[in-house]
Amino acid sequence: MSTPHIVVGVSGGVDSSVAAWKLAQQGEPIAGLFMQNWADDGSGDCRAEDDRRDAVAVCGVLGMPFHFRDFSGEYWSGVFEHFLAEYAAGRTPNPDVLCNREVKFKHFLDAAQALGAERIATGHYAQVAHRGRRWRLLRGADRDKDQSYFLHQLGQSQLAATLFPIGDLEKSTLRRIARDAGLPTHAKKDSTGICFIGERDFREFLGRYLPARTGEIRDPQGQRIAEHPGVFYFTLGQREGLNIGGVRGRAAAPWYVVGKDVASNVLYVDQDRDSPLLQSRWLQSEQAHWVTGAPPARRFSCTAQTRYRQPDEPCTVDVQDDGSVQVHFERPQRAVTPGQSLVLYDGKECLGGAVIAATDAPLERQLAGSSFSSEVVA
């Protein structure tokens with residue numbers, strides 16, 4: 001068996017299958033490596049075995065060696081423990097970002113290099129370019145599928161060793177390629193949601209690790225209107241799962257989460273989807289990371305996303321002395337959520353990002369006792 005020049009992360013899905021197929025057409029020695037990042041907990045919801053069988057089948061069709069690595073221990077310590085700690089603190093984390101940084105482009109990369117590979121390839125919808133002596137992370141050609149948001153924590157050494165073979169493809173084109181190439185995954189549905197939860201109920205899953213703690217649901221005036229099983233089960237702007245029945249003297253309209261008081265275990269709701277209590281024009285972030293290793297300037301204009309697939313929002317970025325980032329948006333943003341990722345763009349280029357720490361949304365600012373100043377950026 002020849003030493004592979006490139007190891008492809010084969011997930012058992014159509015995207016990684018076509019990524020492997022494209023590389024196979026180039027004639028370089030390649031191999032597939034399947035990562036198991038979550039141990040089967042006996043619930044019957046883990047699809048890892050089905051995905052592994054599909055990955056083996058794809059490797060067989062393409063005539064490339066198949067390898068397997070179990071990274072469930074690394075995932076637990078590097079991703080899942082952080083996930084639980086963030087929810088316990090009342091924040092809403094983004095485990096996919098951390099998984100890419102800590103597992104897929106760290107432990108997987110190490111495993112590929114141990115096999116003798118020079119580079120790795122994955123089925124992400126993103127692109128890499130080398131300009132001005134630096135590696136740049138670019139959006140995928142299919143804007144609806146673009147995954148640069150989840151890859152913004154990657155650095156120069158990782159990008160230098162990474163290929164994104166399907167980054168220039170539209171999803172419809174990719175499906176056609178998979179079908180015409182006879183890949184067994186050509187009609188397989190895309191995976192959705194958090195990988196370790198699968199099709200399970202999120203609240204039931206989280207309740208295994210964070211016991212329910214009943215508290216009050218209040219309106220913005222502080223009137224008690226219902227009970228909740230735990231503030232950590234909810235995120236800002238959420239409508240589903242509140243289970244608020246008819247409230248005397250209130251319209252029969254949906255309720256939305258507008259604030260969480262973690263210390264008092266109180267959830268605040270409003271019937272206005274676009275409540276002023278959910279609006280913010282400023283945010284403070286932490287753990288900033290720049291793809292090229294440094295920000296473009298101490299203060300600069302760009303666009304931002306505070307959640308995946310959000311339209312680009314024009315903003316001004318102010319890099320603080322401690323490396324944290326403050327952002328001023330040109331227009332108010334709805335339900336900007338602490339714990340989620342702020343990702344910054346200059347056109348098609350992903351500059352980097354950070355973790356949202358606080359905003360100037362009125363109720364959240366009051367509950368957090370924030371000293372955040374909207375006078376920092378003029």
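Positions of Cβ are set from backbone N, Cα and C atoms, glycine also.
Swiss-Prot lists Gly9, Val10, Ser11, Gly12, Gly13, Val14, Asp15, Ser16, Met35, Gly123 with the feature ATP binding site. In the three-state DSSP classification, Gly9 (ATP binding site) falls within a strand. Taking Cβ-Cβ distances under 8 Å and a sequence separation of 6 or more, the neighbours of Gly9 (ATP binding site) in its chain are Ser16, Gly32, Leu33, Phe34, Met35, Lys104, Phe108, Ile120, Ala121, Thr122, Gly123.
Positions annotated as active site, nucleophile by Swiss-Prot, on the basis of sequence analysis: Cys99. Secondary structure at Cys99 (active site, nucleophile), as computed by DSSP, is helix.
For Cys99-Cys195, the entry in Swiss-Prot reads disulfide bond.
Marked as site 'Interaction with tRNA' by Swiss-Prot: His124 (among others). Under the DSSP three-state reduction, His124 (site 'Interaction with tRNA') is assigned to coil, being neither helix nor strand. In the structure as shown, the Cβ atom of His124 (site 'Interaction with tRNA') sits within 10 Å of 26 other Cβ atoms.
Marked as active site, cysteine persulfide intermediate by Swiss-Prot: Cys195.
Among the features that Swiss-Prot reports, site 'Interaction with tRNA' is placed at Gln340 (among others), with the record citing sequence analysis. Around the Cβ of Gln340 (site 'Interaction with tRNA'), the same chain contributes Thr92, Pro93, Asn94, Thr306, Arg307, Val355, Ile356, each under 8 angstroms and 6 or more positions distant in sequence.
Long-range Cβ contacts of Gly13 (ATP binding site) within its own chain (separation 6+, distance under 8 Å): Asp51, Asp54, Gly123, Thr185, Lys188, Asp190, Ser191.
Under DSSP, Asp15 (ATP binding site) is assigned to a helix (H, G or I) in the three-state scheme. Of all the recorded positions in the list Ser11, Asp15, Cys99, the shortest Cα-Cα distance to His124 (site 'Interaction with tRNA') is found for Asp15.
Here ATP is bound by Gly9, Val10, Ser11, Gly12, Gly13, Val14, Asp15, Ser16, Met35, Gly123 per the record. The longest Cα to Cα distance in that group is 16 Å.
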